[in-house]
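Undergrad: From Swiss-Prot, for reference:
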DOMAIN    37-191  domain 'SIS'
BINDING   52, 53, 54, 65, 93, 94, 119, 120, 121, 124, 172  substrate binding site
BINDING   61, 65, 172, 180  Zn(2+) binding site
């Protein structure tokens, strides 16, 4: 009954991934992000990750696989998703939602750390403010974006952009693949 819809959805997902994969710049950016993060870990730095909605879940997934594990056992890496409900609700109430991530970066971020921000539109105000705060602290920044990069285009030290202009879930599907590859590369760099 729904087999054509299922095939159509899977084919569209494959097309978005293949378009991303066909641009060598994307591959180089993934490698650059992994090396940047591994270099931070080698200097006792950490990664702070953030996103909204499904991208927030991806930010938590990224941090969890850094502190826990990806495929194989190894020492944990310092990854923190900015996801504490009391922090998010306090800052949202007292300062506004645009400041939920930047306030955390200001409090916890240090020179040599990395901010890992996800925004499928590239226009999330709270991620933009987090990038600004990270740069002010001397941190490196990685942004996973979509579409044309939005307001984040060119702001991060490394931007990995999925150039899809349809629904955000297609961008998120590629983002999670990027996250897994970055973790795999970090593990190789840390051996």
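Cβ coordinates are placed from backbone N, Cα and C, and glycine is handled just like the others.
These figures come from a predicted structure and were not determined experimentally.
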Undergrad: Where among the binding-site residues 52, 93, 119, 121, 172 do you find the Cβ with the fewest other Cβ atoms within 10 Å?
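TA: Minimum Cβ neighbour count within 10 Å, taken over the binding-site residues 52, 93, 119, 121, 172, occurs at 93.
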Undergrad: Of the binding-site residues 61, 65, 180, which one sits closest to residue 54 (substrate binding site) when you measure Cα to Cα?
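TA: Out of the listed candidates, the nearest Cα belongs to 61.
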Undergrad: Return the average pLDDT for the domain 'SIS' (37-191) as a whole number.
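TA: Looking only at the domain 'SIS' (37-191), pLDDT averages out to 98.
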Undergrad: When you measure from the Cβ of residue 65 (Zn(2+) binding site), which residues in the chain that are at least 6 apart have a Cβ under 8 Å away?
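TA: Listed in sequence order: 79, 179, 180, 183.
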Undergrad: Please report the distance from the Cα of residue 61 (Zn(2+) binding site) to the Cα of residue 172 (substrate binding site), rounded to the nearest angstrom.
TA: 12
Undergrad: Going by DSSP, is residue 61 (Zn(2+) binding site) part of a helix, a strand, or coil?
TA: helix
Undergrad: Quick one: give me the count of other CB atoms within 10 A of the CB of residue 54 (substrate binding site).
TA: 17
Undergrad: Count, for each of the binding-site residues 61, 180, the other C-beta atoms lying within 10 angstroms of its own C-beta, and report the residue with the smallest count.
TA: 180
